[in-house]
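Okay, so here's the structure we're looking at.
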Amino acid sequence: MDSAQDVERRHLLLHAAYDAASVRAMERPLLDDNVPLMRMAASATAQVAARMLDDVDVDLDHARVVLLAGAGDNGGDGLFAAAALAEEGAKVTAIAVGRALHDKGFAAFVRAGGKVLVLDPAADIAGCSAGFSAGEAGERLQAAIELAQRAHLIIDAMTGIGLVGPLRGIPATIAASLGMAPHDGDPSAPLPYRAATPNREPSGELPMVLAVDTPSGVGVDDGSLPGPYIPADMTVTFGAMKPCAVLPPATFACGRLELVDFGFDLDSRNPVVTAVGGEQAGEAIRLPHAMDSKYSRGVVGLVTGSARYPGAAVLTVRAASRANTGMVRYLGPERAQNMVLAAVPEAVLGKGHVQSWVVGSGVPEAAALKDGETDIQRETIARLLAHYELAVDATDDDPAYDMPPIVVDAGALDLLPGQVPPQVVVTPHAGELAKLVNRLRGDAPRVDDENADGAALDSAVLDPAGRDEPVSAADVLAEPLRYARLAHDLTGATVLLKGAVTIVVGESDMTLASGVAPAWLGTAGAGDVLAGMLGALLAQYDEDAEGVDADEYADDVASLAAAGAYLHGVAASIASESEQRGWQEPDVFGMTGRHRFNAIGHPIVASDVVKAIPDAIAELLA
Ligand SMILES: NC(=O)C1=CN([C@@H]2O[C@H](COP(=O)(O)OP(=O)(O)OC[C@H]3O[C@@H](n4cnc5c(N)ncnc54)[C@H](O)[C@@H]3O)[C@@H](O)[C@H]2O)[C@@H](O)CC1
Ligand SMILES: [K+]
């Protein structure tokens with residue numbers, strides 16, 4: 001039997017991601033003990049490379065492999081791995097993209113019969129001629145790119161955790177030619193436009209790419225894509241996951257993840273981001289007690305849907321009522337009330353005591369109302385949210401802290417007060433988060449922001465006070481962690497930023513992520529269902545439980561929000577019968593692989609997700 005410590009460590013290994021500084025700190029004691037980490041890394045890389053070639057029926061004897069080798073230890077890993085492949089008969093060429101190569105790795109590679117192509121005229125690499133002309137440098141670069149394009153496998157060992165900023169120089173040129181690069185005027189590198197396959201199955205196109213530790217060029221610590229990078233079919237990563245393995249958009253450039261466990265003391269450092277696991281999400285579900293009543297199991301109040309969008313009322317109420325609540329109360333216009341009652345006769349109309357609120361789904365934002373038009377739901381929500389506004393000099397006994405948790409979705413986001421307590425959970429997608437941030441900073445909208453009708457706003461007025469430029473949806477998609485943190489800093493709210501990998505930022509530094517949902521979930525009403533489910537999970541929570549202090553309460557709200565996203569994703573997987581996910585935990589090198597299903601599944605509507613909620617809960621509790 002595994003001890004509790006083993007189970008906890010395994011959870012961290014498969015879910016937690018640590019920044020470069022933490023990885024170096026965790027390596028240190030092992031290096032001091034002369035544990036041959038680089039040899040272990042290289043051996044794993046070579047074995048994964050051989051497996052990839054085998055998967056596409058290429059014998060090592062006939063394999064053409066190109067190693068892109070940087071000057072640092074990442075290049076060292078690559079050279080030792082390439083040496084091992086060359087010894088097995090593969091035809092391997094190392095392309096030196098920097099001015100040096102890892103000495104011992106290079107020596108091993110040459111001994112194994114590998115060939116080297118040096119690109120930088122200023123390089124100083126033993127036995128390799130340098131000082132060639134600019135013209136020859138250009139020809140060598142071209143030859144290197146063609147060689148790589150004709151290879152069966154590219155091993156990308158240009159940079160790992162030592163990357164600083166976007167790739168520059170020759171590595172940048174190589175990455176732009178072989179991989180992806182920003183377009184003119186667009187600060188963020190685009191993502192490869194590929195269909196979402198189960199298990200991040202490689203496309204099967206040659207050359208395949210194996211990234212060593214991290215795909216070169218990605219933002220290791222924040223998951224951004226600051227410049228050119230090479231998307232990988234597989235990333236073999238060492239010691240612990242780095243944030244780029246979990247956080248979007250970089251995680252989508254990693255392909256399948258394989259982790260080499262060095263036995264790091266993972267408890268010794270705080271992860272930057274932790275992916276929610278099933279067990280953790282299951283803890284958010286309160287089991288009914290023998291003495292329970294509908295009230296003690298949790299009552300959710302919903303101010304959702306509107307005369308314009310009554311369907312959202314139905315979806316949120318159905319989702320909340322299926323996600324383990326004692327009762328739901330609905331407040332809304334008559335048409336929506338009638339629809340709610342027809343769909344959920346169990347719902348209670350009108351005000352009353354609740355343990356959580358859900359507001360804003362299917363409620364028009366202010367910008368969508370015509371001049372002078374009012375919306376009854378917005379008025380109710382505004383009155384409710386006023387109770388959550390913290391006084392400027394709020395103390396611990398500010399009454400806002402005593403309000404029940406509230407999910408602020410969609411059309412209510414523009415009603416959110418400036419400073420709120422952490423039991424306020426905002427659930428924007430990228431475009432909504434951009435608007436929220438701009439409003440709270442007093443910025444004007446930028447051209448690429450869209451109004452409610454999908455038409456571009458043309459008033460690109462920049463802030464004369466010289467503040468940062470207004471944020472666009474594209475900015476948020478390019479750096480979701482940064483902007484989710486900014487939204488939290490501006491509001492105090494727990495921020496759940498929706499996406500293929502959903503990010504939750506709460507009071508503590510730790511960020512949570514959930515990528516369990518299949519891409520089929522990107523469908524109208526899915527956000528309404530999530531809001532209802534979040535309300536239900538928050539209503540089950542007992543903040544008066546013994547020993548829960550304010551910090552813990554804030555952390556628990558963040559965990560519940562992430563668990564809600566996870567449960568939503570599991571329900572979508574069940575509904576769509578899909579094994580595809582936005583993010584998948586890594587395989588651990590040397591452990592027998594999990595049984596992999598490969599069901600791509602089928603399309604769904606949001607109502608299908610609602611129906612699957614009870615099964616999803618049962619799955620998490622099993
Ligand atoms: N420290 C250790 O004990 C271990 C480290 N390992 C490997 O070592 C890597 C870290 O090695 P290093 O610290 O040498 O760093 P890297 O090899 O990741 O990166 C340093 C190299 O990248 C270049 N570089 C940095 N920023 C650049 C930019 N913006 N544009 C172009 N080039 C840039 C530098 O000039 C240098 O040549 C890990 O990712 C991992 O692959 C593994 O061997 C396992 C053990
Ligand atoms: K790399």
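Just so you know, glycine gets a Cβ as well, placed from its N, Cα and C.
TrEMBL does not curate its annotations; it predicts them automatically.
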Query = Do you know which of G525, G527, G532 TrEMBL groups with K498, G499, A500, V501, T502 in the AMP site?
reply = G527
Message = Need one residue: from D2, D6, D19, D156, the one TrEMBL lists with N74, S216 for K(+).
response = D156
Message = These are the binding-site residues: D73, D156, D213. Which one scores highest on other Cβ atoms within 10 Å?
response = D156
Query = Of N74, D156, G499, V501, T502, which binding-site residues are close to H429 ((6S)-NADPHX binding site), meaning a Cα within 10 Å of its Cα?
reply = G499, T502
Inquiry  = To the nearest Å, how far is the Cα of N74 (K(+) binding site) from the Cα of T502 (AMP binding site)?
reply    = 30
Inquiry  = Given the binding-site residues D73, D213, S216, A500, return the subset with CB under 6 A from an atom of ligand 1, ordered by sequence, or none if empty.
reply    = D73, D213
Query = S216 (K(+) binding site): which of the binding-site residues K498, V501, G527 is the nearest Cα neighbour?
reply = V501
Request  = Pull out the binding-site residues from the set D156, G499, A500, T502 whose C-alpha sits within 10 Å of the C-alpha of D213 ((6S)-NADPHX binding site).
outcome  = D156
Note = Smallest Cα-Cα separation from K498 (AMP binding site) among the binding-site residues D73, D156, V164 is shown by V164
